[in-house]
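Worksheet: one structure, shown below.
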């Protein structure tokens with residue numbers, strides 16, 4: 001059974017400003033006491049809200065004691081809901097009761113299914129690169145051809161992210177999930193028909209379909225977390241959803257070297273081993289596709305948090321995807337995060353793609369250990385992701401945590417570069433694990449930080465843009481590092497990545513932290529809600545900042 005919270009929710013559009021002429025304001029606290037403290041606010045005792053001047057709020061507060069003039073229907077005002085004293089139940093838009101929040105038990109099923117088919121998709125991304133020398137020999141192609149089997153994931157994402165996020169925002173979570181799972185299954189089956197030495201183009205076709213499936217997968221973790229999980233578990237849920245993709249990469253590092261050992265002298269055996277890997281993957285993908293059809297639902301009956309309640313009930317006609325994209329690119333902190341996320345995640349993609357080549361340069365015949373080092377890197381990153389998610393749910397220190405993890409990722413890359421050529425592969429296992437713990441652990445941090453600083457814009461759109469930046473940097477870094485590694489050795493290629501990550505540290509330090517979603521949740525959790533009319537629409541004016549002092553709140 002879903003367990004209902006005692007807080008009331010609000011009804012406004014997904015990814016848009018509220019409607020009908022009201023502004024969110026905290027209330028219901030005794031005089032002289034704040035209902036909530038904002039994160040990263042300018043000073044204690046104040047709450048930051050966007051869209052109105054302080055004088056206007058005070059005027060609105062004073063006007064509560066006088067009869068109100070009804071708003072004309074043609075007035076273009078927006079609605080936000082504000083907490084009032086406990087026990088009051090206030091009509092929402094058009095006099096309807098505001099919804100209660102609830103946590104549905106189905107949320108764990110949805111999260112598990114998504115994590116598993118995301119795992120299979122990530123496995124198919126890396127299954128060629130980790131045994132690149134084997135596939136080079138089998139298909140009779142160059143290392144660049146095998147690298148493109150990985151880079152096609154990055155290449156497909158960039159042009160397709162905009163239609164994919166539009167589909168997510170306008171057609172919903174379930175349809176997007178079905179497309180991701182279905183295309184992943186279809187691509188896996190096409191690969192089964194490519195186990196002939198002259199059919200490299202068929203395996204590329206299957207990989208292209210899997211790469212399109214990835215477009216409908218990578219942007220979903222933050223959306224699933226926001227739509228299905230409560231405010232005290234949303235970061236952990238996002239980290240868990242990302243963990244599925246990381247686990248797939250880990251399995252992709254581990255299983256292919258074991259299932260397809262280097263038996264170039266026996267082509268029939270090699271073809272049989274490759275076929276076993278492909279058929280096993282397609283069988284699992286089919287099972288998960290069926291589970292998605294049966295059990296993956298659009299959203300729970302009740303919103304899981306007040307921030308989600310504020311976003312849920314609006315006409316699709318009110319939503320403008322172009323305006324949402326425009327708002328995101330006008331948000332300077334988000335643009336900075338877009339660049340820094342792209343740098344660190346692109347570096348991770350490049351290291352993952354070229355890991356086999358780097359290891360075999362210094363440790364000949366160690367294909368299996370190269371896969372195990374990749375496994376160590378990703379498993380350590382999974383631990384880092386979960387710990388970072390738990391830490392964010394507990395502290396909400398998004399910028400500080402992001403900056404610290406970025407610095408430690410840079411240091412991990414430096415240490416990995418230095419120890420790679422020492423000749424002790426056990427040391428590489430340790431330094432690879434440290435690098436993965438921080439570099440892969442950063443992924444959910446970026447998603448959740450983006451949702452906070454861009455609220456109420458769609459989580460799918462912000463996550464999609466972050467992933468697009470990661471794919472662009474991933475392609476550029478893989479091509480550049482691959483060329484440097486081939487011509488000058490792995491050390492120069494890794495130094496190239498270190499320079500870019502060092503730049504990312506400075507850009508991360510410039511991001512202004514404004515935790516909009518958190519401030520809405522914390523303001524409403526402490527009380528029920530009532531509506532306070534305002535004159536201007538938040539979408540029709542530049543973003544302003546308003547401080548509510550203890551005296552003003554007491555007056556309200």
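Every residue number used here counts from 1 along the chain in the order it is shown.
Here the Cβ of each residue, glycine as well, is placed from N, Cα and C on the backbone.
The compositional bias 'Low complexity' annotation in TrEMBL covers 83-95.
Marked as compositional bias 'Polar residues' by TrEMBL: 544-556.
Feature annotation from TrEMBL assigns domain 'Major facilitator superfamily (MFS) profile' to 110-516.
Per TrEMBL, region 'Disordered' is recorded for 1-46 (among others).
The region 'Disordered' annotation in TrEMBL covers 64-98 (among others).
TrEMBL lists 535-556 (among others) with the feature region 'Disordered'.
What TrEMBL records for 108-128 (among others) is transmembrane segment.
Per TrEMBL, the feature transmembrane segment maps to 148-168 (among others). Away from its own ends, the transmembrane segment (148-168) comes close to residues 125-126, 128-129, 135, 175-176, 179, 203-204, 207-208, 210-212, 214-216, 218-220, 223, 321, 325, 349, 352-353, 458, 460-461, 464-465, 467-468, 470-472, 474-475, 478-479 of its chain (Cβ-Cβ under 8 Å, at least six residues beyond either end).
Residues or ranges marked as transmembrane segment in TrEMBL: 199-222 (among others). Within its own chain, the transmembrane segment (199-222) is flanked in space by residues 114, 117-118, 121, 124-125, 128, 139-141, 145, 148-149, 152-153, 155-157, 160-161, 164-165, 167-168, 173, 176-177, 179-184, 186-191, 193, 238, 241-242, 245, 444, 447-448, 450-451, 459-464, 467, which lie at least six positions past its ends and keep a Cβ under 8 Å from the stretch.
If you look up TrEMBL, you'll see 276-296 (among others) marked as transmembrane segment.
Away from its own ends, the transmembrane segment (332-351) comes close to residues 150, 154, 358, 377, 406, 409, 413, 435, 439-440, 442-443, 446, 449-450, 453-454, 462, 465-467, 469-478, 481-482, 494, 497, 500-501, 503-504, 507-508, 510-514 of its chain (Cβ-Cβ under 8 Å, at least six residues beyond either end). Residues annotated as transmembrane segment in TrEMBL: 332-351 (among others).
Per TrEMBL, the feature transmembrane segment maps to 371-391 (among others).
The transmembrane segment annotation in TrEMBL covers 403-420 (among others).
As annotated by TrEMBL, transmembrane segment applies to 426-451 (among others).
Taken from TrEMBL, the feature transmembrane segment covers 463-480 (among others).
Taken from TrEMBL, the feature transmembrane segment applies to 492-511 (among others).
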Checklist line | Paired segments the transmembrane segment (371-391) and the transmembrane segment (492-511) in contact, 3+ CB pairs under 8 A | finding: no
Notebook entry, point to check: For the transmembrane segment (108-128), what are the same-chain contacts with Cβ under 8 Å, counting residues 6+ beyond its ends?
Noted result: 135, 146, 149-150, 153, 177, 180-181, 184, 187-188, 191, 207, 210-211, 213-214, 217, 220-221, 224, 228-229, 237, 240-241, 243-249, 251-253, 255-256, 277, 281, 284-285, 288-289, 291-292, 295-297, 352-353, 374
Note to self: Below 8 Å between Cβ atoms, which of the listed ranges 276-296, 403-420, 426-451, 463-480 makes the most pairs with the transmembrane segment (492-511)?
What the structure shows: 403-420
Margin query: Which residues of the chain, 6 or more past the ends of the transmembrane segment (463-480), have a CB below 8 A from one of its CBs?
Written below: 147, 150-151, 153-155, 157-158, 161-162, 164-165, 168, 218-223, 325, 328, 337-339, 341-343, 345-347, 349-350, 353-354, 446-447, 450-451, 493, 496-497, 500
